[in-house]
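These features come from Swiss-Prot:
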DOMAIN    103-299  domain 'ATP-grasp'
BINDING   129-184  ATP binding site
BINDING   ASP253, GLU266  Mg(2+) 1 binding site
BINDING   GLU266, ASN268  Mg(2+) 2 binding site
Amino acid sequence: MQNFGKVAVLMGGFSSEREISLDSGTAILNALKSKGIDAYAFDPKETPLSELKAQGFQTAFNILHGTYGEDGAVQGALELLGIPYTGSGVAASAIGMDKYRCKLIWQALGLPVPEFAVLHDDTDFDAVEEKLGLPMFVKPAAEGSSVGVVKVKGKGRLKSVYEELKHFQGEIIAERFIGGGEYSCPVLNGKGLPGIHIIPATEFYDYEAKYNRNDTIYQCPSEDLTEAEESLMRELAVRGAQAIGAEGCVRVDFLKDTDGKLYLLEINTLPGMTGHSLVPKSAAVMGVGFADLCIEILKTAHVG
């Protein structure tokens, strides 16, 4: 096996997704240790990143979610320290974390994305409701794990929802409702893995359904996708990742309309690795166990 040296599993951090990161990090740490890797937990909230060098770490497995973890900040710090790390580089991480600018790139390249609008204090909210229709989704562009996502169903409600969300960093976007199903497709080293059909017991795949409930149904392989649709989803996932320069292990989320058309929703450049997480479920269908998946991701560690 490749010699990775002393490995820091970067987990925790400062974002609203701290607890999820700690869960993912603990699972990864145990998996790496089970494979004989000299791995240790490292929480930047508790210990400055500059200590990585002082403590002799040679590789970083980054599983820091959200702000400062997957937005290019920690990636830049690791570049300066010269420590190889897993996941995408600075630019791809920053773009992937920004749903608005990621959508602009996908649109420019002709990839299918749901119609959306950016909201501001002076937005004509009635016009946006008329344009996108109801229901619609409103979300912060720079949050993950469905933090701050609201389904707007009532006419005249858009402005008040915007007021509730505008304290979040970055743009607030409204998005047309696509009602044919939710899906996700991991990409590892430029190869699309089996897609997953997500059937939440809640109204949509929100934070509660992702992390706190056990009644969300995950179909992998998806029972309602044809072979052609599955192939297209994998192709679109790979193209979506390549469009922003994402590397290593990523996950692209999709919506399917009632007419069967697939839309790219967003990309996660540092997907979760908890017991509820989607990438391990997809890898398992390919015959790759959790510990082996962690090793494959660790092999992608890089600088530059």
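Using N, Cα and C of the backbone, Cβ positions are placed for all residues, glycine too.
Cβ-based neighbour count (10 Å, all protein chains) for ILE178 (ATP binding site) stands at 19. Minimal Cβ crowding within 10 Å, among the binding-site residues MET136, VAL150, is found at VAL150.
For the domain 'ATP-grasp' (103-299), the predicted model reports an average pLDDT of 93.
Of GLU129, MET136, GLU143, VAL150, ARG157, all annotated as binding-site residues, the residue with the shortest Cα distance to ASN268 (Mg(2+) 2 binding site) is GLU143.
Under the DSSP three-state reduction, VAL150 (ATP binding site) is assigned to strand.
Cβ neighbour count for GLU164 (ATP binding site) (all protein chains, 10 Å cutoff from its Cβ): 13. Counting every protein chain shown, 21 other Cβ atoms lie within 10 Å of the Cβ of GLU143 (ATP binding site). Taking CA atoms as the reference points, GLU143 (ATP binding site) and ASP253 (Mg(2+) 1 binding site) are 15 Å apart.
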